[in-house]
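Data block below; observations after.
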Amino acid sequence: MADVSSALIALLILSPMGLGIDVLQLQNTDFDYWVSEQDMMLVKFFAPWCKKCQKLAPEYENAATRLKGTVTLAEVDCSANSGMCGRFGVNGYPTLKIFRNGKEAAIYNGPHTAEGIVQYMQKQVGPSSVSLHSKADLDAFIDNFDASIVGFFPGHGSTQLAEFLKAAATLRESYRFAHTTKAELGVMHDLHTETVLLFRPPRLHSTFETSIEKYDGPINISGLRKFIKDNIFGICPHVTQDNRDKLKGRDLLTAFYDLDYVRDPKGSKYWRNRVLKVASQFQSRSLSFAVADRREFWKELEQEFGLGLSDSGGPPVVTIRTREGHKYTMREEFTRDGKALERFLEDYFAGYLKRFIKSQPAPERNNGPIKVVVAETFEEIVNDPDKDVLIEFYAPSCRHCKNLEPKYVGLGQKLLGNPRIIIAKMDATANDVPNGYDVQGFPTIYFARVGKKDLPLKYEGPREVKDILKFLEREATHRLGQRSTKDEL
């Protein structure tokens with residue numbers, strides 16, 4: 001019996017599936033074998049030191065357990081399997097990729113929560129487009145939390161159906177597709193030719209916009225992609241942590257309130273209709289609208305907009321975030337007639353609103369070798385048109401930042417006598433990071449050069465004084481004038 005137990009333990013240790021864990025641990029030596037064994041697999045490429053990877057880990061493990069038997073989730077530690085990660089073009093962490101029948105199929109662009117991963121991957125199982133045979137099939141398909149794209153065709157031999165299925169296979173990672181060849185289903189929607197309809201989720205139906213959009217263009221991948229992207233959200237979508245990335249790149253007004261279509265559908269629709277009424281008046285302006293559950297975004301409201309959660313059940317709080325990263329908050333209480341929101345929008349479009357900036361107070365004394373920058377002084381210091389500026393974005397608790405500090409101070413001391421270059425730093429956890437500076441980890445260092453302030457250059461070399469100096473000598477607008485060792489002594 002003891003021998004059997006020992007053998008079982010040894011087998012578990014040698015297996016890529018760790019004891020009690022449902023995530024496959026893949027290595028350079030067994031990656032191809034395990035991926036080819038699965039019809040579909042989601043693989044996470046990560047590094048142990050990566051903060052985002054650490055945050056994702058429990059969500060990923062939870063999702064793996066819930067998807068067990070349906071979709072296999074695996075991971076590759078890139079610090080120990082760099083060759084494998086290089087082979088698949090991994091240059092940032094975490095990177096998630098979907099594999100089908102042993103081959104890379106797509107980048108995973110879905111949510112990083114357990115629920116979001118589960119929902120996203122469940123959509124990838126089975127056909128890319130569901131075949132509908134009856135009214136009951138159609139009704140069940142469009143009665144979904146997400147929008148539905150349905151193609152209506154005269155028969156399976158249709159060339160347009162073939163193109164639709166190609167588009168569905170390409171776009172299935174992001175959208176839900178179905179098709180039918182039953183003429184009676186098309187007649188129900190007054191369709192007499194091959195057509196594609198987009199059905200918005202039932203919970204978002206309103207009198208302010210149509211709940212069904214008809215596609216009139218040629219049925220191909222590019223045409224359908226544009227049609228879906230332009231119409232899927234409507235005037236005022238419901239934003240969640242899982243779909244928010246699809247709304248990036250827009251100037252977006254969001255009304256946050258206790259939104260719950262399951263427990264309180266009436267209250268959820270009531271406030272959204274108030275927003276819709278006003279949004280329909282400003283539809284021609286370059287601003288998108290959305291509603292969201294404030295409890296889901298409380299941390300962002302507090303940290304990014306300075307808005308704490310008010311009493312449960314109160315009126316919405318409203319924010320605007322532009323594609324440039326500018327932020328505005330509506331200070332007047334949201335009124336049931338929508339007039340307060342109208343006034344807020346009129347002031348926004350007239351340019352009367354003051355931007356909300358998360359910023360520490362500027363230091364009273366700032367004459368050391370390292371200039372301390374806060375959000376409110378960023379424009380003055382970093383975007384000084386006459387000076388090159390090297391700026392470190394750091395977090396006070398970051399161990400790597402603490403290790404860099406004495407070297408960074410030493411760099412500042414060497415260049416203290418040069419009036420044309422500034423060595424600076426900013427706490428990125430307590431200040432808004434301007435648009436154009438991609439700060440995903442700490443420390444992150446950028447060089448803002450004279451004449452190119454809108455194109456800051458990221459420093460990705462070794463964090464030693466001599467290496468940073470070589471970088472500055474190469475990139476600086478003017479010749480560096482360093483203090484000599486004798487001067488320092």
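Sequential numbering from 1, following the chain as shown.
Even glycines carry a Cβ here, placed using N, Cα and C.
Taken from TrEMBL as is:
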{"type": "SIGNAL", "residues": "1-20", "note": "signal peptide"}
{"type": "DOMAIN", "residues": "15-126", "note": "domain 'Thioredoxin'"}
{"type": "DISULFID", "residues": "Cys50-Cys53", "note": "disulfide bond"}
{"type": "DOMAIN", "residues": "351-477", "note": "domain 'Thioredoxin'"}
{"type": "DISULFID", "residues": "Cys398-Cys401", "note": "disulfide bond"}
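Overlay of TrEMBL annotations on the structure.
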residue: Cys50; record: disulfide bond; Cβ within 10 Å: 18
residue: Cys53; record: disulfide bond; Cβ within 10 Å: 20
residue: Cys398; record: disulfide bond; Cβ within 10 Å: 16
residue: Cys401; record: disulfide bond; Cβ within 10 Å: 20
Secondary structure content of the domain 'Thioredoxin' (15-126), with strand meaning DSSP E or B: 40 helix, 29 strand, 43 coil
Mean of pLDDT values spanning the domain 'Thioredoxin' (15-126): 89
Distance from Cys50 (disulfide bond) back to Cys398 (disulfide bond), taken between C-alpha atoms, in Å: 12
Length of the line joining the Cα atoms of Cys53 (disulfide bond) and Cys401 (disulfide bond), in Å: 19
Helix-strand-coil residue split for the domain 'Thioredoxin' (351-477), DSSP-based: 34 helix, 24 strand, 69 coil
Cys50 (disulfide bond) versus Cys401 (disulfide bond) - Cα distance in angstrom: 14
